[in-house]
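Under the heading [2Fe-2S] cluster binding site, Swiss-Prot lists C168, C177, C180, C182, citing sequence analysis as support. Residues or ranges marked as [4Fe-4S] cluster binding site by Swiss-Prot on the basis of sequence analysis: C206, C209, C217, C220. The annotation region 'N-terminal SAM-like domain' is assigned in Swiss-Prot to 1-124. Summarising the annotation, Swiss-Prot assigns region 'Linker' to 125-158 and lists sequence analysis as the type of evidence. If you look up Swiss-Prot, you'll see 168-182 marked as region 'Fe-S binding site A', on the strength of sequence analysis. The region 'Fe-S binding site B' annotation in Swiss-Prot covers 206-220. According to Swiss-Prot, the feature motif 'Cx2C motif 1' maps to 206-209. Sequence annotations record features per position, and here Swiss-Prot assigns motif 'Cx2C motif 2' to 217-220 based on sequence analysis.
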Amino acid sequence: MRVVVVDLDGVDGADLALERAYERAAALDDGATPATTYARDVRAPGAADGFIGDGATAAMASRTCARAWTALRAGGTVIARGGDAARDAAVLAGFADVVVDATRGVVRGTKPAWARGTAFSLKSRAVRVVTADAGWGADADVDDELIDESALLTELDVNSTAVKYDDCDVGAGKKACKNCTCGRAEAEAAEESANAKSEETFVSACGNCALGDAFRCAGCPYLGQPAFKDTDAVGTKVELDLGDDL
């Protein structure tokens, strides 16, 4: 295991002096160390026992971590002494599992086994459709929606509620046509039969029917008619059609 150590304890805090001390870490200079040289424990420039001294700049820590990343193999570990600058630089460089040992004042990070920029296929996979069971209470042989046949409409219900269209000619009064199919002819025949049955025979009881309405009783069948000869009224049978308006 090769360890690179640069002592910055006796160096002035000026950026120029730190940069010169950094350059003395020849093993981590650009091009001086082949990539993935170290298996583990690359200690970047810093104090004799660690990473970057208290006077190191954030830019210097970032460059050092970047070169340490290049020098490490996949899975290698970097150990450095420092504070927030060392931790942030290690994270930004790509190290994973960066932890801080507050007791020793050391920052430790691991170079992941995967390579940055690794390609992988985004080919979509076939979606598997899983059909869930209906449940323990489901039975394919049971039909819960049976229809009660007694609740169905019968032919009589359909005929009674069917709309009847009036196809007879309309004149002064609606009468059934010759080839009536709407039912008006049957209705008129039934009405005439009812009127014939309701005809009653009346005989004048008061004998004043011929004198006019002033002498007629309230139930006289001649109400509203002019006076006539008495001989025509006596014993005359009058047929009253209850279907007429009196």
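Placed from the backbone N, Cα and C atoms, the Cβ positions cover glycine too.
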- Task: Could you say which of the binding-site residues C177, C220 has its Cβ with the most other Cβ atoms inside 10 Å?
- Result: C220
- Students should find that the Cβ of C182 ([2Fe-2S] cluster binding site) has, within 10 Å, a number of other Cβ atoms equal to 14
- Task: Return the residue, from the listed binding-site residues C180, C209, C217, with the maximum count of other C-beta atoms within 10 angstroms of its C-beta.
- Result: C209
- Model confidence over the motif 'Cx2C motif 1' (206-209), as mean pLDDT, sits at 78
- Note on the structure: According to DSSP, C209 ([4Fe-4S] cluster binding site) sits in helix
